[in-house]
Amino acid sequence: MIMQGCDASILLDNAQSEKTAPPNGSLGGYPVIDAIKAQLEKACPGVVSCADIVALAARDAVSYQFKASLWQVETGRRDGPVSLASNTGALPSPSAGFNGLLQSFAAKGLDVNDLVALSGAHTIGKASCSSVTPRLYQGNATSIDPLLDSTYAKTLMNACPNTPASTSTVDLDGATPFKFDGNYYTNLQNKRGVLASDAALTQNAAAATIVNDLTNPIKFYAAFSMSMKKMGRVDVLTLKNGQGKIRTKCNVP
């Protein structure tokens, strides 16, 4: 969603929508957003945008284990009318190096602190094996990325065999995949980041220092909260700037 800001474009259904793009293949939860929207339209029609629902749902999903909100969500977003798979080309690649990642974030007004903090979202969730196998194989041969722990590589190879048609996924945090914590950063220090773009954070001195700081969960929660609020302001569509609309159904423009 960062390519156009939080405008709920990921929710739209059309032949060439963002949903159909390979980088979004492991996303889910669309029926949950649709159900929330349906209830809100009954209670207060035309008031709450799908974009705000996504922002609030993300906050609540992360905060659930703490029984309290980790950050305040600024509301008032409106929904964008366009969803194009081609736009996902602006998303940072899972195989990106550090400079490429930093440039992608900088293009949206986000800095190295935001890059490292927001990458911590990978403490939960899954990645498609197609994003992982380039670190494990080259053609028909085994070729393990030197930035990947060899023992952990075997675990990933079991989850992601060298089969091009595989639709399998793997946990982004192999240690505590269902807990929002700072373990992602400990994984990075132990060469157990799943994606090449995860490992890239240890290849820059400034970023590696932040990685080390954020192994402390209290520091991670604070940094993540600040960066989520900052990202939530990127390219926002509002009534004040005369852009966007409030959809009646989140999957229909």
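Cβ coordinates come from backbone N, Cα and C, glycine included.
If you check TrEMBL, you get these features:
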| type | residues | note |
| --- | --- | --- |
| DOMAIN | 1-253 | domain 'Plant heme peroxidase family profile' |
| DISULFID | Cys50-Cys250 | disulfide bond |
| BINDING | His122 | heme b binding site |
| BINDING | Thr123, Asp173, Thr176, Asp181 | Ca(2+) 2 binding site |
| DISULFID | Cys129-Cys160 | disulfide bond |
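Scoring each of the disulfide-bonded residues (Cys50, Cys129, Cys160, Cys250) by how many neighbouring Cβ atoms lie within 10 Å, the top position goes to Cys50. Between the CA atoms of Thr123 (Ca(2+) 2 binding site) and Cys129 (disulfide bond) there is a gap of 17 Å, rounded to the nearest whole number. Burial estimate for the binding-site residues (Thr123, Thr176): highest at Thr123, by number of other CB atoms within 10 Å.
The residues near the Ca(2+) 2 site, meaning same-chain residues not in Thr123, Asp173, Thr176, Asp181 whose C-beta sits within 8 angstroms of the mean position of the site's C-beta atoms, are Ile124, Ala175, Pro177, Lys179, Phe180, Gly182, Asn183, Tyr184, Asn187, in sequence order. The recorded positions shown are Cys50, His122, Cys160, Cys250; of these, the one with its CA atom nearest the CA of Thr176 (Ca(2+) 2 binding site) is His122.
Considering only the disulfide-bonded residues Cys129, Cys160, Cys250, no residue lies within 10 A of Asp181 (Ca(2+) 2 binding site) on a C-alpha to C-alpha basis. Packing around Asp173 (Ca(2+) 2 binding site) is summarised by its Cβ count: 24 other Cβ atoms lie within 10 angstroms of its Cβ, all protein chains included. Of all the disulfide-bonded residues listed here (Cys129, Cys160, Cys250), Cys129 has the Cα closest to the Cα of His122 (heme b binding site). The most densely surrounded of the binding-site residues His122, Asp181 is His122 (count of other Cβ atoms within 10 A of its Cβ).
Cys129 (disulfide bond) sits 30 Å from Cys50 (disulfide bond), taking the C-alpha atoms as the reference points.
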